[in-house]
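Taken from TrEMBL, the feature transmembrane segment applies to 6-28, 40-60, 90-111, 126-148, 207-234, 332-355, 375-401, 422-447, 475-494. According to TrEMBL, the feature coiled coil maps to 256-310.
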Amino acid sequence: MGDFNLALVIVAIVVCVLVFLFNVYLLVNYQHPDDVNQAYFPKFVVVLGLSVAAISILMLPADVANRQACRHAIYNGACKLTLPMKDLWLAVYIVDAILVFFVIPFAMFYYEGDQDKSLWKRMKSALLWVIVTAVVCALALGILYGLLGKVDFTVRHLSSSTESFPSPFTFSVGQQCVGAGARQCSAYSANASSETTWTMRSTFPEYVVALATVVGSILFTIFGGVGIACLPLGMISSFIHRPKAVITRSQYIKEATELGKKARELKKAADALHQEERSGNKGRKWRKNVKNVEKEILLLEEDVKSLEEMYPQGEKAEASWAMTVLSYLAKLVFGVIGLIVSVAWVAHIVIYLLIDPPLSPFLNEVFIKLDDIWGLLGTVAFAFFCFYLLLAVIAGEMMLGMKLVFITIHPMKWGATLMNSFLFNVGLILLCSISVIQFCATAFAYYAQATAAQEIFGHTLQSLRGIKYLYKYNVFQIAFIVLAGLTFIYYAAFGWRRKKPSGRFQLSS
């Protein structure tokens, strides 16, 4: 038993190191050329945030393995070499909350500060915003914890008188109590009036995790519900709209001329907005125009990329076209696989969470059977389904940002991602990762039973005063399914159409 637990500790350390190195690789390859050899603090925050998010997702499978390390123990205290998962959960999510609400905003304010200002003035401005945020959050948390930071458990008071042991000693469906006549057991005959509420105060770290989970659950429900459908359908749609053949040079010149004209119009609009910013005219209309121009620039970049795909140039033009064809085939394959995973997720939520009692454990049984085939196969599949939800969140955020423009668009592009976009997406991933874990701990409660995550995200969170009703009536799960269904209908009705840049932006001047 001890050897097994030691191996689990070694695997956990190796995985953490690999996650850190992989995130460094992502940062190096995704960063914009303008950020090379500078912005070191935002880069450190990005790597740290991505690592915390990935490790938090992997902690749930580790929690399951940690529980299995002591499954042969006679009593709970017999196994002392397992990982202290509850302490690790609280530590990771406290770090998560600090990064989301304090460190990442400071890094973004500092990075997006006026470049004409000195280093000290930019740091002072960013620190001022963070201090204001910290004071507001501390007051809100303190007041809420003082008023509502209690857990209400419904319990039943049972008592029974003593009676000599019968002979013979038998139990049956009709004879469930000791004593044939008196039925001396309150559990059998207790009425509803024996129920009472047992109230206790939760710890402050658990309450912070709970509130962060609620905030993340709102975003996760919106972005994840949309993304669970648009992630696979978007890749399939991209394959449908792929370039079918290489265009002629005359067609290339015509399209390039149109794109150049569009680029000049956007540059003129951006210059005008920059001039308004310098004059201090930054009202609601200005912010709306900025988002519209950002959207048009993103669409223009996509059109330029599509044009380059349809007319590859250079000595390796044929190889570039072959890679383009293969990339779209890969999108089709991954889109089909993703569609199967999305359907499985939606079916599992309906079958296991929304129907009471559940029709079937469904994916829980799948993971258990995979574990029977090979010890880590079910754990790997379990981790994959959790990571897929995070990818769905990012896909949903991008779709809503492009279609509705009610949030700032921060696309992640290979070799062209600025640090503010990195920080925004890392903050979104961190905030939603808590909810993803809570969602997975609930959806796979049968597979992840008796784990530390179940104790934190199951019993405590779902019994917390003022919050428990959101989970009691499955508000987030129902909203998730509704948004997924609406997104699927949207793609079925309009997804096959190729959108063109609208070119609509109004300058206040």
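Backbone N, Cα and C atoms are what each Cβ position is placed from, and that goes for glycine too.
Of the ranges 6-28, 90-111, 207-234, 332-355, 422-447, the one with the most Cβ pairs under 8 Å to the transmembrane segment (475-494) is 207-234. When Cβ-Cβ distances below 8 Å are used as the criterion, the transmembrane segment (332-355) is approached by residues 228-229, 231-236, 238-239, 361-364, 385, 388-389, 392, 442-443, 474, 477-478, 480-481, 484 of the same chain, each at least six residues removed from its ends. Through the fold, the transmembrane segment (126-148) approaches residues 101-102, 105-107, 109-110, 113, 204, 207-208, 211, 464-466 of its own chain, all at least 6 residues removed from its boundaries and within a Cβ separation under 8 Å. When Cβ-Cβ distances below 8 Å are used as the criterion, the transmembrane segment (6-28) is approached by residues 43, 46-47, 50-51, 54-55, 58, 62, 65-66, 69, 81-83, 422 of the same chain, each at least six residues removed from its ends. When pLDDT is averaged over the coiled coil (256-310), the result is 82.
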